[in-house]
Each structure stands twice: as structure tokens, then as C-alpha cells.
Amino acid sequence: MVSFKSLLLAASAFTAVLGRPFDSFDGPDVNITDADELLVRRQVTANSEGTHNGYFYSWWSDGGGQVTYTMGAGSRYSVTWKDTGNFVGGKGWNPGTGRTINYGGSFSPQGNGYLAVYGWTRNPLIEYYVVESYGTYNPGSGGQLKGTVTTDGGTYNVYVSTRTNQPSIDGTRTFQQYWSVRTSKRVGGAVTMQNHFNAWAQFGMNLGAHYYQIVATEGNGDFVGTEIWGLARGCRR
């Protein structure tokens, strides 16, 4: 849940992610108009979390603009938005672990948005991101650069930042954010979470008791977003 820098964006700017869900990467594409694929559709309504088709989901929005979160079969989800405040949502697991997450798809943002493995811990209260791709703003750049970690065929810059009196899983709190931001953006491949956790610990960035961990889309901006799909393949739970 990050406040982005203000950007002037063309009215035609858009974001798109297309792909297949975590658990059926090699299966046929699903027609998103099928009624059985569109279980939950929200347009800036109540924030929520729970379980859907065997996966944990979380959805949070600050209530601004127009944003719709749709959950489909298995791990499939989509987000569309226009003129929004901040939102973050996706599907994954509860609790988070050092699992290896394999994913694929396409992601071509032209504004404030990114695709990441996203989660929380308690005691200490930590919000964390492993950012695989992002649009016009590097979401970790407002924090303190701690170093780098090389894993899964790439290098990630590691940042830490502090959020003061901001929304969290435990209400309004002050907490730290941990970031690993891939230097060469990609959509597709493995994310070995344990390697990031180990690197963070070496930089004195300790985690607490894990809450959820999801493949998430986060966005903010005065532009139109088209359909977005988070996906993965062959996940080790």
C-alpha cells in the first residue's frame, strides 16, 4: 500500500497483463466472460480477504476512483482501474513461506503499477514486496538502498522504508517496508522467496510471523487500466 509520486499521464495510457493462472499454466485460455470464471467483482467497495478455489486472496483499496477486482478459476484474478487512488490485490497463500513461485504472462504498464510477490508479517509488523515488473515509477526508490541480491537469473536492489500512520493489516500503524526490486524487469520465471528472506536478514531486515503472501497487482493513477491477470505455474506450496 504505497503512495506514488504524482505523474502527468496521457489520457490514453493503460496497463495490461494477460496470462494463465498459477495452477493451469499449460491449460487452455479461459474466456473471462464465462459466468463460472467471474466469481467476485468489486468496484471500490468493501476491502476483503479470504479463500477462493483453494487460494488465499486479499483485496484493499483506499476507495478512490474506479477499480474492479475479479477472481476467477484457481489462482486467476484480474484488476481494471481508472482514475484511482491506491489499491493492491491478488491471490496466493496464507501463511507466507520461503516457497518458490513460478509465474508467467505479459505486463506492459504505462503508469503507476507493478507486479510483485507481496506479503506481511507480524511482530514485527512488516510489509514486503519482491517486485518483478513496474511502470513509470520504481516503488522502492523512495527507501534506503541496503544492497543487492542475485537470484533466479537476475539482480534485485534491496530497499527499506518506513510508513508512518498508514493502513496495515492491523489498522493504522507505523511499520517498515522491505523491497527487492528486479533491475531487469520481467514477467515470467521463478521467484525463490527464501533467497530474498535470507538476503534481507543479512542486511538486518528481519521478518516476523508470516501472514499472507500473494502474487499481487498494485496500482495508483489517473489513467485507464485494462484487464490484468496474475499467474504462475508449478507452484511449490
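Cβ atoms are placed via backbone N, Cα and C, with glycine included.
As written in Swiss-Prot, here are the features:
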type: ACT_SITE; residues: GLU127; note: active site, nucleophile
type: ACT_SITE; residues: GLU218; note: active site, proton donor
type: DOMAIN; residues: 43-231; note: domain 'GH11'
type: CARBOHYD; residues: ASN31; note: N-linked glycosylation site
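Between the CA atoms of the residue listed as 'active site, nucleophile' and the residue listed as 'active site, proton donor' there is a gap of 13 Å, rounded to the nearest whole number.
GLU127 (active site, nucleophile) has a Cβ environment of 23 other Cβ atoms inside 10 Å.
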